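**Student:** Sharing the record's features from TrEMBL:
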type: TRANSMEM; residues: 70-89; note: transmembrane segment
type: DOMAIN; residues: 78-353; note: domain 'Sugar phosphate transporter'
type: TRANSMEM; residues: 101-125; note: transmembrane segment
type: TRANSMEM; residues: 137-157; note: transmembrane segment
type: TRANSMEM; residues: 163-183; note: transmembrane segment
type: TRANSMEM; residues: 190-209; note: transmembrane segment
type: TRANSMEM; residues: 215-235; note: transmembrane segment
type: TRANSMEM; residues: 256-280; note: transmembrane segment
type: TRANSMEM; residues: 286-306; note: transmembrane segment
type: TRANSMEM; residues: 313-331; note: transmembrane segment
type: TRANSMEM; residues: 337-358; note: transmembrane segment
Amino acid sequence: MCRKPSKLKEETKMLCSREIFKFLVRKDVRKILKRKDSDAGERGKALEDLRASLFNKFYSLDSAKHQRTCGPVAALTFNFMVAVGIIFINKWVLKNVGFEFPVFLTFIHYAVSWVLMAILHSFSLLPASPPTKSTSLSLFTLGIVMSLSTGLANVSLKYNSVGFYQMAKIAVTPSIVLAEFIWYQKRVTFSKVIALTVVSIGVAIATVTDLQFSLFGACVAMAWIIPSAINKILWSNLQQQENWTALSLMWKTTPITLLFLVSMIPFLDPPGVLAFHWSFNNTSAILLSAFLGFLLQWSGALALGATSAISHVVLGQFKTCVLLLGSFYLFGSNPGTTSICGAFIAIGGMSLFTYLNLNAKKQPAPLKVSSALPKSKFSEGNGESHHGNGADSV
């Protein structure tokens, strides 16, 4: 249950009073306040440290409130429903509508997303960017991999079947595990490795009967794997470690993504986009796809912020199995006994992976003290310690 706004304001005021009192009674601060005007710069730095510390604490309370409002289950469900819809609508736009420009379609998606966020920003409904240690390089990198991940995914959908597109996603899982180990020293337990292996084998068996692809499409699918893995890792890390919200991070990175999508259009799209028949029906279908693209980006960011990159990939593979089994039971399609058995094997592996995650959350985690502020002699005098990140287990 979320706290009432009045109670949250009272907690904020009490916290502010305690922090200011603790700050003023410390020996270092009393000495600084008694110094001459030549020490005004150091005094200002101390006050700035206090302001940043208070803001981080208030922001943590607000983030916790939003986390209770949109927890992992809600975020994953939202992302699952939107992802299922956009795969079919994009395939329909590329095939039935005849819009054979997948990268330009991705550009339209992000342009519509930016317009919608600009409207939210004009009404002050867009969350503010947090005062974190995020560098321009990390945001720039995320913008680039977003353009590559989404653009190459739509190109893969154009030249390959949905089954091959889902098959390529299997390689994203080990890529994420390896990248997180290299960058963040995260280790996956042996039991989770077994569960992820079962999931991958099940998805491979389930989609083996729908592997229609071209040589160019296969190369695009392979090139899509690494940007997709990096994209999920960066989204998850920036939200969980540096207090970014989904919409504020989208607002910062979308212009970069649009810029790089424009540079990709001449190389991956065929000529003739201006000669396309922009009828009312065709334009409506493309705009519907773009709106679902905005929801997909937003829901995916929420899911990555609430869970992890690996959990988000497993959700995508679960979506594949649900689509296959749903078509069999509801619409009478016959994918074959092999595919159905593979889907059940994959769902069994996903159930095991979910159980291991829930079981790990029940175990008490060791208390870690961290701060986004640089180490100064004020923190040393107050007995605060700053430790680097050690090896984590996922």
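Glycine is no exception: its Cβ is also placed from the backbone N, Cα and C atoms.
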**Student:** Six or more residues beyond either end and a Cβ under 8 Å away: which residues meet both conditions relative to the transmembrane segment (163-183)?
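**Tutor:** Same-chain contacts beyond the flanks: 153, 156-157, 196, 199-200, 203-204, 207-213, 217-218, 221-222, 224-226, 228-230, 232-233, 309-310, 313-314, 316-317, 320, 394.
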**Student:** Average the per-residue pLDDT over the domain 'Sugar phosphate transporter' (78-353) and send me the rounded value.
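**Tutor:** When the pLDDT values over the domain 'Sugar phosphate transporter' (78-353) are averaged, the result is 85.
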**Student:** Is it the case that the transmembrane segment (101-125) and the transmembrane segment (137-157) touch, counting contact as three or more CB pairs under 8 Å in which the residues of each pair are 6 or more positions apart?
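**Tutor:** By the criterion, they touch.
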